[in-house]
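Undergrad: So that we are looking at the same thing, I have put the structure below in structure tokens.
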Amino acid sequence: MEGEAVEAIVEESETFIKGKERKTYQRRREGGQEEDACHLPQNQTDGGEVVQDVNSSVQMVMMEQLDPTLLQMKTEVMEGTVAPEAEAAVDDTQIITLQVVNMEEQPINIGELQLVQVPVPVTVPVATTSVEELQGAYENEVSKEGLAESEPMICHTLPLPEGFQVVKVGANGEVETLEQGELPPQEDPSWQKDPDYQPPAKKTKKTKKSKLRYTEEGKDVDVSVYDFEEEQQEGLLSEVNAEKVVGNMKPPKPTKIKKKGVKKTFQCELCSYTCPRRSNLDRHMKSHTDERPHKCHLCGRAFRTVTLLRNHLNTHTGTRPHKCPDCDMAFVTSGELVRHRRYKHTHEKPFKCSMCDYASVEVSKLKRHIRSHTGERPFQCSLCSYASRDTYKLKRHMRTHSGEKPYECYICHARFTQSGTMKMHILQKHTENVAKFHCPHCDTVIARKSDLGVHLRKQHSYIEQGKKCRYCDAVFHERYALIQHQKSHKNEKRFKCDQCDYACRQERHMIMHKRTHTGEKPYACSHCDKTFRQKQLLDMHFKRYHDPNFVPAAFVCSKCGKTFTRRNTMARHADNCAGPDGVEGENGGETKKSKRGRKRKMRSKKEDSSDSENAEPDLDDNEEEEEPAVEIEPEPEPQPQPQPQPQPQPVAPAPPPAKKRRGRPPGRTNQPKQNQPTAIIQVEDQNTGAIENIIVEVKKEPDAEPAEGEEEEAQAAPADAPNGDLTPEMILSMMDR
């Protein structure tokens with residue numbers, strides 16, 4: 001049953017297509033007169049006159065129907081035996097004339113003469129003459145008075161069949177018989193082409209050859225005329241079958257109008273399309289309209305042409321008439337077959353880019369590639385500012401607005417907007433469930449067999465014209481080998497400076513480096529006089545100093561919250577940042593607190609040095625001021641308090657760690673180092689009365705944590721000697737020693 005249903009659909013489709021083709025053929029027949037002036041109407045009725053006026057003021061009238069008696073008479077005349085009855089019959093038969101038709105004056109379009117056939121009465125007596133002597137001419141002359149100066153004179157020369165005489169019909173209907181002397185020369189080259197033609201024995205006076213001529217924009221153009229010479233073998237008019245002329249009433253096929261040096265083309269008024277034929281232009285104009293007259297009787301879809309409808313019907317019936325000669329595949333359209341052979345068999349890429357070496361199988365891909373040179377993005381998104389070079393990417397982008405996800409994972413049923421995203425999902429999430437195809441030439445593993453075929457064709461196929469490495473002179477005939485070779489140049493510093501030891505991997509880096517030697521700064525600011533070696537520096541300068549809307553980027557330290565304008569500065573700070581709690585920085589760096597303390601010490605150092613230079617010395621003869629001796633010692637850092645003991649014993653304290661003493665105390669850099677503070681005491685000897693100077697070294701107790709009971713004494717000690725002077729108790733104790 002299914003087979004019968006398919007056959008019924010096929011028969012119905014063929015009947016439908018044939019009906020469409022007949023209607024289309026009839027419409028083309030009716031409108032084909034405008035396409036070519038030399039084409040004659042295909043359907044005529046017996047005895048009917050078809051006159052077609054297409055911007056023409058001259059029409060040629062010829063005999064449509066030949067009487068059978070006339071054909072028989074013509075044969076007898078050629079053989080030399082003509083019966084009197086036949087002569088009488090010919091007297092009352094037909095005559096071929098050329099009549100002037102007065103038309104309305106309008107510009108004459110070149111090459112738009114039409115031949116039509118009408119029956120006319122014939123009253124011409126025939127004498128016993130040969131065929132050669134009956135060669136005549138029809139002259140259709142239009143007086144110059146009736147035409148404008150720009151309109152051409154048209155002359156048409158034809159050979160006469162036997163049994164006819166040439167007459168001239170005037171504008172008012174008067175008939176004038178042409179004499180033999182007025183006939184055109186017999187040596188026209190167009191007559192000599194006929195194999196049955198024999199040159200006349202008697203030479204006649206030579207006159208100018210009569211041709212159909214017209215003028216186009218001041219240039220004379222020759223036009224070939226119709227040739228109606230007789231053929232003895234078939235007894236027909238030249239180049240026309242007599243049975244078709246008499247039975248079907250179809251006129252002979254005209255020759256094409258040939259213009260010397262002029263090629264007529266038709267151009268679309270709506271775009272830049274050009275074509276050599278009017279029918280092609282008419283078919284193209286349908287692409288600018290929404291007219292789709294051809295509808296499918298199965299699904300209702302409409303198409304512009306019958307060819308598109310036929311291809312569509314093949315999709316219903318499953319017919320694939322176009323078979324590939326190189327494999328077993330078949331296609332619905334011829335375009336699909338051509339594209340298949342180029343991709344699979346011939347690898348031909350006829351569409352080449354004029355700006356680079358790119359070549360493509362399809363012209364649409366070439367147009368898309370050319371937009372990469374011009375930067376044109378004609379396909380604009382109506383919802384945002386996105387623009388694309390082709391419609392495919394625009395459709396893919398529109399899914400981000402619509403939320404459509406047409407691609408579904410067959411394992412977990414997750415949906416995606418792009419097929420590539422779905423493939424990556426399958427490879428990453430469902431690797432154990434995916435069939436793996438290993439490339440036999442490399443280590444590549446591919447999930448789909450079709451993708452493996454693409455990989456083999458692109459990476460491992462043999463290239464007849466080898467490709468050269470862009471880094472060296474090596475040539476490879478395989479793309480994969482070329483890529484692997486170029487990877488060996490990736491980390492190679494091939495560009496070396498000829499003025500220093502600098503080397504780099506990229507040429508652009510070397511160009512920028514050489515500007516440090518030459519001092520060249522080609523990038524100048526348009527708002528000030530600054531120049532730069534790199535364009536990035538110019539852009540940064542312009543944004544920072546000349547752009548009022550510029551907001552500098554803030555790089556915040558994650559430890560202390562401090563902001564920086566440059567990332568590398570922030571990274572350098574973060575390596576040694578102590579954080580908000582004052583914890584020592586990483587990699588053994590100084591803490592934030594210690595850095596600030598050091599800055600304060602350096603400031604106080606400068607102040608002390610300036611004060612010491614400006615201060616005047618004020619020293620007594622007997623003693624020296626030792627004020628700095630007490631204050632120079634830095635305050636000891638707090639240490640954990642030990643457990644108190646009931647009876648503390650003086651114990652020599654351990655030396656403080658080196659880490660606790662950093663830097664030099666302020667105001668002591670230019671002074672000589674003093675080991676211990678000293679004091680001069682004058683003592684008078686009671687026996688002799690001499691005065692002796694005793695130098696006393698003040699030994700300061702090392703810093704130690706006092707006990708709880710000794711805190712008050714330690715705090716009161718500085719009050720006794722605020723300036724560091726020796727008290728009397730100290731002097732007496734030293735004298736006792």
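Residue numbering: from 1, along the chain as shown.
Cβ atoms are placed via backbone N, Cα and C, with glycine included.
When I checked Swiss-Prot for this same protein, it listed these features:
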MOD_RES   Met1  N-acetylmethionine
CROSSLNK  Lys18  SUMO2 cross-link
CROSSLNK  Lys74  SUMO cross-link
REGION    180-211  region 'Disordered'
COMPBIAS  202-211  compositional bias 'Basic residues'
CROSSLNK  Lys219  SUMO2 cross-link
ZN_FING   266-288  zinc finger
MOD_RES   Thr289  phosphothreonine
ZN_FING   294-316  zinc finger
MOD_RES   Thr317  phosphothreonine
ZN_FING   322-345  zinc finger
ZN_FING   351-373  zinc finger
MOD_RES   Thr374  phosphothreonine
ZN_FING   379-401  zinc finger
MOD_RES   Ser402  phosphoserine
ZN_FING   407-430  zinc finger
ZN_FING   437-460  zinc finger
ZN_FING   467-489  zinc finger
ZN_FING   495-517  zinc finger
ZN_FING   523-546  zinc finger
ZN_FING   555-577  zinc finger
REGION    573-687  region 'Disordered'
COMPBIAS  593-604  compositional bias 'Basic residues'
MOD_RES   Ser609  phosphoserine
MOD_RES   Ser610  phosphoserine
COMPBIAS  610-636  compositional bias 'Acidic residues'
MOD_RES   Ser612  phosphoserine
COMPBIAS  637-657  compositional bias 'Pro residues'
COMPBIAS  668-687  compositional bias 'Polar residues'
REGION    699-727  region 'Disordered'
CROSSLNK  Lys699  SUMO2 cross-link
CROSSLNK  Lys699  SUMO cross-link
COMPBIAS  704-714  compositional bias 'Acidic residues'
Undergrad: Could you give me the DSSP helix, strand and coil counts for the zinc finger (266-288)?
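TA: The counts are 11 helix, 4 strand, 8 coil.
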Undergrad: Where does Thr289 (phosphothreonine) sit in the DSSP three-state scheme?
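TA: Thr289 (phosphothreonine) sits in coil per DSSP, no helix or strand.
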Undergrad: When the Cα of Thr289 (phosphothreonine) is compared with the Cα of each of the recorded positions Lys18, Thr317, Thr374, Ser402, which one is closest?
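TA: Of all the candidates listed, Lys18 is nearest in space.
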Undergrad: C-alpha of Thr317 (phosphothreonine) to C-alpha of Lys18 (SUMO2 cross-link): distance in Å?
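TA: A Cα-Cα distance of 16 Å.
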Undergrad: What Cα-Cα separation, expressed in whole Å, is found between Lys18 (SUMO2 cross-link) and Ser402 (phosphoserine)?
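TA: Counting only the Cα atoms, the answer is 44 Å.
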Undergrad: Excluding the flanking five residues on each side, which residues at least 6 beyond the ends of the zinc finger (407-430) place their CB within less than 8 Å of a CB in that stretch?
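TA: Counting only partners 6 or more residues beyond its ends, the zinc finger (407-430) has Cβ contacts under 8 Å with 396, 399-400, 447-448.
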Undergrad: Would you mind splitting the zinc finger (351-373) into helix, strand and coil residue counts from DSSP?
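TA: Secondary-structure composition of the zinc finger (351-373): 11 helix, 4 strand, 8 coil.
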Undergrad: Check Lys18 (SUMO2 cross-link) against DSSP and tell me helix, strand or coil, would you?
TA: helix
Undergrad: Can you work out which residues elsewhere in the same chain, 6+ from the ends of the zinc finger (437-460), have a Cβ less than 8 Å from its Cβ atoms?
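TA: For the zinc finger (437-460), the nonlocal Cβ contacts are 423, 426-427, 478-480, 483.
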